[in-house]
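Taken from TrEMBL, the feature active site, glycyl persulfide ester intermediate applies to B:CYS187. What TrEMBL records for B:ARG13, B:GLY40, B:ASP61, B:ARG72, B:LYS85, B:VAL109 is ATP binding site. The Zn(2+) binding site annotation in TrEMBL covers B:CYS170, B:CYS173, B:CYS245, B:CYS248. TrEMBL lists B:11-247 with the feature domain 'THIF-type NAD/FAD binding fold'. Sequence annotations record features per position, and here TrEMBL assigns transmembrane segment to B:28-51.
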Amino acid sequence: MSINDSTFRHITPAEFDRLDHSAITLLDLRDPAEVAAHPVPDAINAPIDPLAQVLRSVPNDKPVVVFCTEGWWSAEVAEILTDRGYDVASLDGGYRAYQTFLNASEQGNRMANRS
Amino acid sequence: MAFSDEQVERYSRHLILRGLGVKGQKKLLASSVLIIGAGGLGSPVALYLAAAGVGHIGLVDGDVVDLSNLQRQIIHTTERIGQPKVDSAAKAMRSLNPDVTVTTHHMLVDAGNIAQLIEPYDLVVDATDNFAAKFLINDACVLADKPFIHAGVVGFAGQVMTIRPHEGPCYRCIFRDMPAAGEVPTCRQAGVLGAVVGVIGSLEATEAVKLIVGVGEPLIGRMLTVDALTMNIRRVPLPAHVPDCPVCGEQPTITAIDPANYIQPACTIDSANE
């Protein structure tokens, strides 16, 4: 039994942006306050308490994409789910990286529209 | 291995701890630690390692619970006075964390049994209260290349260090021979503050978790000394290598566990009951 059995996928903010929410389960690990401030449509919120309870309710018939604020906690939860047989991807850099991506593409759009 | 729902909940504060996480918790659950001594130091070590989910914990102690223990041996209870300490401790550990397998050894550690006792474990914790046992544990662990954590406490002061044989100094590198009986007072002679025992034992448990998980800097080559009266807490640097150490040096004279090496010289106190 190897401690390092589990491998799960990593996705970038750009890939996160293009996800088809109907084909996956989105798992949002952030605190409810953060979720309220910056919601992600269709995501199930799974804060640390009661994480185990919420994880139990995650369907395993479609891929799971998990994200947190910075990207390290989602990697931990991805490992837990992978051990349980889920097909999982974790958002690298977390919602923070996604926010940066959104800001950059917004700027890019603005500049494109100007020219 | 997949965590159960209960494990995700029970260890959630470990899983979310950067530096520990899922991999660290898996290491803890797969590890085995032998705690020699189920008294003052053993109490916090046993409780915290059980709480942390160390998968297999062994306990060695020949003693039974006594009323005078309860001032500091917080794993035991008034109802369990008279019971073997290892059984009393195991009861508390299993009720705190049923995940943990506890193996009890109701015996005094000695030159004849120590090698077999330590063999199946990844790590040994010295939670004893006498010098003969400390030197015995040191020598046996060095000879078996077994990492262990040393501690001692009396009065208002204590010390902790971690030994990974040949990676840093061992206990005998620093304290060459046992002091003569009476030279250094025991807890029975000088007394000890319960909470100070708790501090030192908790530091041992912390070092054990760090070693198992592989995080932070272990007290290898450093002795942590605590003077609770002044709250002076120091990390005393030790020589990295002591070439003439009798057990881990370049020409060792201790190459086997000889009972004659663990009799405290000029013994006027009956240390068999410590």
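Cβ coordinates are placed from backbone N, Cα and C, and glycine is handled just like the others.
Secondary structure at B:LYS85 (ATP binding site), taken from DSSP and collapsed to helix, strand or coil, is helix. Cα distances from B:GLY40 (ATP binding site) to the binding-site residues B:CYS170, B:CYS173, B:CYS248 are smallest for B:CYS170. Counting every protein chain shown, the number of other Cβ atoms lying within 10 Å of the Cβ of B:CYS248 (Zn(2+) binding site) is 26. For B:CYS173 (Zn(2+) binding site), the nearest neighbour among the recorded positions B:ARG13, B:VAL109, B:CYS187, judged by Cα separation, is B:VAL109. For B:ASP61 (ATP binding site), the count of additional Cβ atoms within 10 Å of its Cβ stands at 26 [all protein chains shown].
In this structure, the CA atom of B:ARG13 (ATP binding site) is 34 Å away from the CA atom of B:CYS170 (Zn(2+) binding site). Pairwise Cα distances among B:ARG13, B:GLY40, B:ASP61, B:ARG72, B:LYS85, B:VAL109, which the record gives as the binders of ATP, peak at 35 Å.
Restricting the average to the domain 'THIF-type NAD/FAD binding fold' (B:11-247) gives a pLDDT of 97. A sphere of 10 angstroms centred on the C-beta of B:CYS245 (Zn(2+) binding site) encloses 22 other C-beta atoms. Other residues of the chain with a Cβ within 8 Å of the Cβ centroid of B:CYS170, B:CYS173, B:CYS245, B:CYS248, the Zn(2+) site, are B:ASN138, B:VAL142, B:PRO169, B:TYR171, B:ARG172, B:ILE174, B:VAL242, B:PRO246, B:VAL247, B:GLY249.
On a Cα basis, B:ARG72 (ATP binding site) lies 35 Å away from B:CYS245 (Zn(2+) binding site).
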